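The structure appears below as structure tokens.
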Amino acid sequence: MTQFNIPVTMSSSLSIILVILVSLSTAHSELCNPQDKQALLQIKKDLGNPTTLSSWLPTTDCCNRTWLGVLCDTDTQTYRVNNLDLSGLNLPKPYPIPSSLANLPYLNFLYIGGINNLVGPIPPAIAKLTQLHYLYITHTNVSGAIPDFLSQIKTLVTLDFSYNALSGTLPPSISSLPNLVGITFDGNRISGAIPDSYGSFSKLFTSMTISRNRLTGKIPPTFANLNLAFVDLSRNMLEGDASVLFGSDKNTQKIHLAKNSLAFDLGKVGLSKNLNGLDLRNNRIYGTLPQGLTQLKFLHSLNVSFNNLCGEIPQGGNLQRFDVSAYANNKCLCGSPLPACT
């Protein structure tokens with residue numbers, strides 16, 4: 001058999017060519033858009049290169065599911081970064097929300113949460129994310145007011161800014177967002193009155209939770225136009241009439257208004273047949289308990305304690321299944337499970 005001896009110099013040249021070809025093949029096969037990768041690496045830098053993002057490496061593909069919290073659009077096969085989860089980052093010192101987020105124009109979902117060292121206001125750069133549907137900034141020390149510029153992101157479906165250090169007043173302009181389904185602003189320092197415009201959210205809007213803030217004034221009469229499945233305005237300083245939140249023609253499932261100074265005749269409100277949770281404790285609500293409560297077969301949570309209610313607790317439904325504490329400390333409420341009326 002004839003043998004061929006390849007010179008050493010030729011063998012070395014072939015090895016170099018092979019390495020180059022493999023490198024070119026790898027580069028060509030990378031799905032991550034180079035602009036998206038550059039933006040992500042800048043975000044990492046702007047946050048002080050936290051060790052939690054150690055998987056974000058310039059030599060790897062950001063769309064191969066090895067980059068923590070990063071997902072790309074595989075449905076349309078554009079492979080643009082459309083989902084970013086920045087939760088639980090161990091930032092080495094306080095940092096603001098990076099304005100470089102604006103360089104991810106295809107983001108549909110942005111979650112920023114559980115970061116004690118995240119501080120400062122919500123940056124105007126967020127308004128450039130014109131395809132954003134879901135925006136979560138929660139359990140951080142982000143401060144300042146909820147910005148008006150959010151009304152520019154017409155695609156927004158969900159806004160969750162719960163448990164931060166946000167202050168100022170509620171921005172009236174977000175009620176113009178045509179696709180907004182719900183807002184969650186619990187656990188901040190938001191003050192002032194609820195804007196009248198919040199009664200003009202679109203028919204898609206079904207959830208409003210703004211508990212544990214410093215809201216004052218009255219619930220706008222325009223809320224009669226809303227059909228909320230979930231409403232939680234508890235632990236504020238609201239006063240006056242909250243009957244506009246009730247109605248037999250609504251699809252309301254939960255109403256939580258505890259620990260305010262609300263005063264209205266509970267006996268005159270209509271009740272949604274879907275109501276499963278009602279927390280009205282620690283207010284100034286008067287009148288009687290509506291007979292309609294006995295017809296609510298889904299009602300599993302009720303607390304009307306520490307109000308000015310009177311009369312006999314209606315018999316039937318689930319009302320006698322609740323503990324005495326659910327009815328305690330009213331003006332003259334009586335009947336099972338409280339002592340009998342005299």
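Yeah, the Cβs are placed from backbone N, Cα and C, and that goes for glycine too.
Swiss-Prot lists 1-29 with the feature signal peptide.
Under the heading disulfide bond, Swiss-Prot lists C32-C62 (among others). Neighbour density for C62 (disulfide bond): within 10 A of its CB lie 26 other CB atoms from the protein chains shown.
Among the features that Swiss-Prot reports, disulfide bond is placed at C63-C72 (among others), with the record citing experimental evidence. Counting every protein chain shown, the Cβ of C72 (disulfide bond) has 23 other Cβ atoms within 10 Å.
Applying an 8 A CB threshold to same-chain residues 6+ apart, the list for N64 (N-linked glycosylation site) reads L31, C32. Secondary structure from DSSP puts N64 (N-linked glycosylation site) in coil. The N-linked glycosylation site annotation in Swiss-Prot covers N64 (among others) and is backed by experimental evidence.
Remote same-chain residues near the repeat 'LRR 1' (82-107) are listed as 35-36, 38-40, 42-43, 46-48, 50-53, 69-73, 113-115, 117-126, 128-132, 137, 141-142 (criterion: CB distance under 8 Å, separation of at least six residues from the stretch ends). The repeat 'LRR 1' annotation in Swiss-Prot covers 82-107.
Per Swiss-Prot, repeat 'LRR 2' is recorded for 108-132, and the stated evidence type is experimental evidence. On the 0 to 100 pLDDT scale, the model's mean across the repeat 'LRR 2' (108-132) is 98.
According to Swiss-Prot, the feature repeat 'LRR 3' maps to 133-156, an assignment based on experimental evidence. Remark: secondary structure over the repeat 'LRR 3' (133-156) totals 5 helix, 12 strand, 7 coil, with classes taken from DSSP.
The N-linked glycosylation site annotation in Swiss-Prot covers N141 (among others). Remark: N141 (N-linked glycosylation site) has P94, N116, N117, L118, V119, N164, A165 as non-local neighbours, by Cβ distance under 8 Å and separation of at least 6 in sequence.
Here the repeat 'LRR 4' (157-180) has Cβ contacts under 8 Å with residues 122, 133-148, 150-151, 186-202, 204-205, 209-210, 215 of the same chain, all six or more residues outside its ends. Look at Swiss-Prot and you will find 157-180 tagged as repeat 'LRR 4', backed by experimental evidence.
According to Swiss-Prot, the repeat 'LRR 5' annotation covers 181-205. Below 8 angstroms of C-beta separation, residues 146, 157-175, 211-228, 230, 232-233, 238 of the same chain, each at least six residues beyond the ends of the repeat 'LRR 5' (181-205), sit close to that stretch.
What Swiss-Prot records for 206-228 is repeat 'LRR 6'.
Annotation source Swiss-Prot lists repeat 'LRR 7' at 229-252, citing experimental evidence. According to DSSP, the repeat 'LRR 7' (229-252) comprises 3 helix, 7 strand, 14 coil.
As annotated by Swiss-Prot, repeat 'LRR 8' applies to 253-275. A Cβ distance under 8 Å defines the sequence-distant neighbours of the repeat 'LRR 8' (253-275), meaning residues of its chain 6+ beyond its ends; these are 211, 219, 229-243, 245-247, 281-290, 292-293, 295-296, 298-299, 303-304, 307-309, 311.
According to Swiss-Prot, the feature repeat 'LRR 9' maps to 276-299, an assignment based on experimental evidence. Taking Cβ pairs closer than 8 Å, the repeat 'LRR 9' (276-299) reaches residues 234, 248, 253-270, 305-319, 331, 333 in its own chain, all 6 or more past its ends.
For the repeat 'LRR 10' (300-319), DSSP puts the residue distribution at 1 helix, 8 strand, 11 coil. Per Swiss-Prot, the feature repeat 'LRR 10' maps to 300-319.
Marked as N-linked glycosylation site by Swiss-Prot: N303 (among others).
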Per-state residue totals over the repeat 'LRR 8' (253-275) - DSSP helix, strand, coil: 3 helix, 6 strand, 14 coil
Whole-number Å value for how far C62 (disulfide bond) lies from C341 (disulfide bond) (Cα to Cα): 69
Contact set, same chain, for the repeat 'LRR 2' (108-132): CB under 8 Å, 6 or more residues outside the stretch: 69, 82-89, 91-102, 138-147, 149-150, 152-156, 161
Of C72, N303, C310, C332, C334, i.e. the recorded positions, those within 10 Å of C62 (disulfide bond) when Cα atoms are compared: C72
Other CB atoms within 10 A, centred on C341 (disulfide bond): 13
Alpha-carbon spacing, N303 (N-linked glycosylation site) to C310 (disulfide bond), which is rounded to whole Å: 15
Intrachain neighbours beyond the repeat 'LRR 7' (229-252), with Cβ under 8 angstroms and 6 or more residues off its ends: 182, 186, 194, 206-221, 223, 258-265, 268-275, 279, 292
